[in-house]
Amino acid sequence: MKGSTPSHKPRRIIRKASHTTSKAVWQTFPLVHFLWPARNSVSQKIILPLILIFVGLFRWAAGLWDYSGYKKPPKFGDYEAQRHWMEVTTQLPISQWYFYDLDWWGLDYPPLTAYHSWLLGNLGSIINNNWFALYTSRGSDDPDLKIFMRSSVILSEYLIYIPAVIFFVQKLTTDQGIHNWNANIAVIAILLQPATILIDHVHFQFNNVMLGLVVASINCILVGKLKWSCFLFVLALSFKQMALFYAPAIFAFLLGRSIYPKLNLRRFIGISITTLASFALILLPLILGAIYGAYNGIDVQPDIPYQLVSLPIFTEYSYLIDSHAWYYPIILQFAQILHRIFPFARGLFEDKVANFWCALNVVVKFRNFPLVLLQQASLLATLAAVIPPCLVIFLKPKTAALPLAFSSTAWSFFLFGFQVHEKSILLPLMPMTLLLAGSQGMSEHMRAWIGLANVLGVWTMFPLLQRVNLRVPYFVLTGLWMYLLGLPTKLFCLNSKGRSQITMEDLTSIVHTLYYVLMGFWHLLEAFIPPPLSKPDLWTVINIEIGASGFFLCYLWCLWNQIKVCGFVNSTGQKKLDKNFKRKLN
């Protein structure tokens, strides 16, 4: 009789043996069951193409659902914003891109997003010119246009994000001696992350282009190409300004690599020049466009000569700048771009987001405080949270700690930053989810924390998704990912049987169980009990309070694990901490 497989004993631990000894310890869960037949070396030649086909079909199926703003005037949601930018960039001179009709989804992302929109808009115009006709195409719900737009997201992801993730997983697993079969499990788990699919392929955005460039930047660090890493990270910043969430981490790492174990001035200068040259290259088309527009009398705003357009920022220094000087169009263009991509005038937070400020706003009404004071408070709080992970990665710039450092700084910006959006949760989730590829990535403990962060993250976006009728894909995609990864990994009531003491592992189980119960109970309240008329946002506020507290725990977990990976806490010290913890409980 054949020996039992994981499908017969679902709690059995698999230790994969091969010519390269795997350091990973895997507990069985549904995703392991599905890929079990592909564990032999022969299947590895075809398994990756099959994975690519599967995740592509999965994304296409998700895109069959209605997008954000479908048949919802007057603004028609994020889908219309992305389509409108293709319209603007293909129909107007480059000098007018950041000035045109700002009340109708004015362009408010960095230049690489504009170039990306220009490229896609020109490709779409070959198929149908009417899709991006100036003004008359607004709010178009043409089914063929929807197919093109959905395809553009998938194509962009397959060109940038998916190759970057696959390279990262394969590089990491090779360096850590993990079998290819384990790597394939990690690839599927990462690429089926529900938050990115819901936002990019259902709600509709291009976040994975920026995230893919960030992963590619990390990949270059893994192979020792630091200048290429700088270039790719500048591209990420130039696509979406939210990549700034990662900037302190990569800056601290590269600075540490330039100083330790000894000062390498040549490396530091090379990195600095590469960074500056990359920004110059990205801005060059806009500089040339501004000069060309001014020379040919093309106004940046209709019927208003550019000399009469006031600077949107630096107004206190406007008297120092001659509006008739040759360089004025360039300064005006730069000022407008900065004004559009950094909207400090909008307030401390946008809508309702599960971060510190929005959670605290329940008891402290921040609208009563001066905007400048709120900006300063946000800056100080963000710095207080960002400095610890940056200091750790600066003093011990280990590549193994990069995902944790990126996630820690991203959590810092999300929790304490100024003008944070719900969808910004994708930034701390991405590097944290990449940890699934590590030697202990699919262990019960690691899956528990990564799973909680992802489920909690997509749960806090539920009010946003619900407003655009995306309740069904939310439950399907989140539930499927939880099932495939065996989440929650365990509940405290099942884990504590026969225990005389409460360990750190038990405490983790208690906390995770509490959050899953709260999320489930909240969904029941939201679905069946209407909020009081005097407090119509009650359920959303509760969602924010729960989410913000959970995200802060995720920040602490990432920071603590980064400290351990960087070697500031050795195994002996860790054991002492655990013993002290148990002694206090007793």
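Including glycine, each Cβ sits where the backbone N, Cα and C put it.
Copied over from TrEMBL, here are the features:
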TRANSMEM  46-65  transmembrane segment
TRANSMEM  147-169  transmembrane segment
TRANSMEM  181-199  transmembrane segment
TRANSMEM  232-256  transmembrane segment
TRANSMEM  268-295  transmembrane segment
TRANSMEM  373-394  transmembrane segment
TRANSMEM  401-419  transmembrane segment
TRANSMEM  472-493  transmembrane segment
TRANSMEM  514-533  transmembrane segment
TRANSMEM  539-560  transmembrane segment
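Scored on C-beta pairs under 8 angstroms, the neighbour of the transmembrane segment (401-419) with the top count among 46-65, 147-169, 181-199, 373-394 is 373-394. The list of residues near the transmembrane segment (472-493) in space but at least 6 beyond its ends in sequence, with Cβ under 8 angstroms from a Cβ of it, reads 27-31, 34, 62, 65, 188-189, 192-194, 197-198, 202, 444-445, 447-448, 451-452, 454-455, 458-459, 462, 465-466, 506, 509-510, 512-513, 516. Contact between the transmembrane segment (539-560) and the transmembrane segment (373-394) is present: at least three CB pairs lie under 8 Å, with pairs separated by 6 or more positions in sequence.
In summary, the transmembrane segment (181-199) does not lie against the transmembrane segment (373-394): fewer than three C-beta pairs, each 6 or more positions apart in sequence, are under 8 Å. Comparing 46-65, 147-169, 268-295, 373-394, 514-533 for CB pairs under 8 angstroms to the transmembrane segment (232-256), the maximum falls on 373-394. A Cβ distance under 8 Å defines the sequence-distant neighbours of the transmembrane segment (514-533), meaning residues of its chain 6+ beyond its ends; these are 452, 455-456, 459, 462, 488, 491, 539, 542-543, 546, 550.
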